[in-house]
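Sequence annotations record features per position, and here TrEMBL assigns ATP binding site to Ala106, Lys107, Gly108, Gly109, Val110, Gly111, Lys112, Thr113. Taken from TrEMBL, the feature domain 'MIP18 family-like' applies to 10-81. The domain 'DUF2249' annotation in TrEMBL covers 336-404.
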Amino acid sequence: MSGKENEPSEDAIRDELRTVAAPDGDENVVAAGLVSSVTVTDGTVTVDPTLSGMEPATADTLADRMRTAVLECGGVEEVRVETDVAEPDHGTVVPGVDRIVAVASAKGGVGKTTVATQLARGLAASGERVGLFDADVYGPNTPELLDIEGPLGSTDDGRAEPVEVDSLQVVSVGLIANDEPMAWRGAMAHEAVEGLLTDAAWDVDTLVLDLPPGTGDIVLTTLQSFPVDGAVFVTTPFPTAAGDTERSTALFREEGVPVLGAVVNMAGFTCPTCGDDHAPFGSDPDLSADVLAELPIDKSLRSTEGEVPAAFRDLGDDVREALADRTTVTVPETALDLRGVPDRARIEQVRAEFGALAPGESLHLVTDTRPGDVSGALEDLASAPPRVAVEQKGSSVWALQISKTASDPAEDVTC
Ligand SMILES: Nc1ncnc2c1ncn2[C@@H]1O[C@H](COP(=O)(O)OP(=O)(O)OP(=O)(O)O)[C@@H](O)[C@H]1O
């Protein structure tokens, strides 16, 4: 295969890689045996490093440094450093739980616990086995809402036994001992929450996790420690509440937790005296998340006795659907790895590869910055807008699948 005129030799690439220090000791990555092969084909440099067994964060940093060093060589058009893109590592799997849905809010008092509890009941109403874990150490209100009391019992093998109520399995930090949770702080609170969550004898399809409000330590460490499949945000329509919610949802996404949607609570009421509709907190909040439900101020929505209100059965269906719709983008070995590549070179590489696709084919790539308007940047290269699927795989890793859509044969028919 003929090489490009100015492309560097494999030896020149190895020389450049000698400027990258190995993580341990004084050696460079080549001398330390961390580069297993280098190939150069038509301006594309492929480096196969030996990074297995390394901490993922160290391996990622090293791969980035290798990419940056290779790009320093003249004549390099594209670099592939063949590293695996790990699936988001959200740590501990909770025994007896198939999936976890977190209910979160940017601020307290917006109805998060009400929604979490009623969502759990809504999911259970269609036959799912559902657990409810109240992790709100600063205001564990679930016991009061469901009219249950602690302390929790324990199973024969010494695990915390969830309280069965209304076909839900419920564990709350408020059920372990009087007022103690209110006194927990920082690491102690997180350890207690983590211990109780993993120790409980769950047997459920879905666990609804009522998080404390905000994005403090407990929330972040919980998202990082447990495999949360999706989050539902509760907000009022008040503009500042919606703004706070936007910032919180961004943080969840950065942690690789899909935001399934928002519940806009206390969205207004119909006056029983005059019959007029009022919206004291405003309406149509500016949210990027899908609005799964808009709930009025209505005391019947607080009741956990009798039938589950229709609004929460619908919410359960919507959450199930949103979980099923989550985008998953695979990262094949041939994916274009753009991490560490300068912005202009990225766009050129993606345009070149996308331009070479036949209709119906896809380009897979990995980046370390949140993708912008990919479709707009490529629209002049195809007869129809490309289909772009994005999945965040980690705190700064995004996988994309960009497909060139097959043109509609009817469009090509002329007389
Ligand atoms: N749609 C609604 N209509 C009427 N009352 C509601 C509605 N949603 C919540 N409430 C009431 O508002 C109060 C606060 O709700 P809730 O405890 O669920 O909020 P929270 O966000 O979990 O608060 P905290 O941050 O204190 O845990 C409760 O008294 C609850 O019954």
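Placed from the backbone N, Cα and C atoms, the Cβ positions cover glycine too.
TrEMBL: automatically predicted annotations, no manual curation.
Overlay of TrEMBL feature records on the structure.
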residue : record           : contacts (Cβ under 8 Å, 6+ apart)
Ala106  : ATP binding site : Pro213, Gly214, Thr215, Phe233, Thr235, Ala241, Asp244, Thr245, Arg247, Ser248
Lys107  : ATP binding site : Pro213, Gly214, Ala241, Asp244
Gly108  : ATP binding site : Tyr138, Gly139, Pro213, Gly214
Gly109  : ATP binding site : Pro213
Val110  : ATP binding site : Pro213, Val234, Thr235, Thr236, Ala241, Asn265, Met266
Gly111  : ATP binding site : Ser105, Val234, Thr236, Val263, Asn265, Met266, Leu295
Lys112  : ATP binding site : Val103, Ala104, Ser105, Asp136, Asp210, Leu211, Pro213, Val234
Thr113  : ATP binding site : Asp134, Asp136, Gly139, Asn141, Thr142, Leu145, Asp210
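Residue counts for the domain 'MIP18 family-like' (10-81) under DSSP, helix first, then strand, then coil, are 24 helix, 19 strand, 29 coil. Same-chain residues with CB within 8 A of the center of the Ala106, Lys107, Gly108, Gly109, Val110, Gly111, Lys112, Thr113 CB atoms, the ATP site residues themselves not counted, are Ser105, Pro213, Val234, Thr235.
Under DSSP, Ala106 (ATP binding site) is assigned to coil, being neither helix nor strand in the three-state scheme.
Taking Ala106, Lys107, Gly111 as the candidate binding-site residues, the subset whose CB lies under 6 angstroms from any atom of ligand 1 consists of Gly111. Under the three-state DSSP scheme, Lys112 (ATP binding site) falls in the helix class. Across the domain 'MIP18 family-like' (10-81), the model assigns an average pLDDT of 85.
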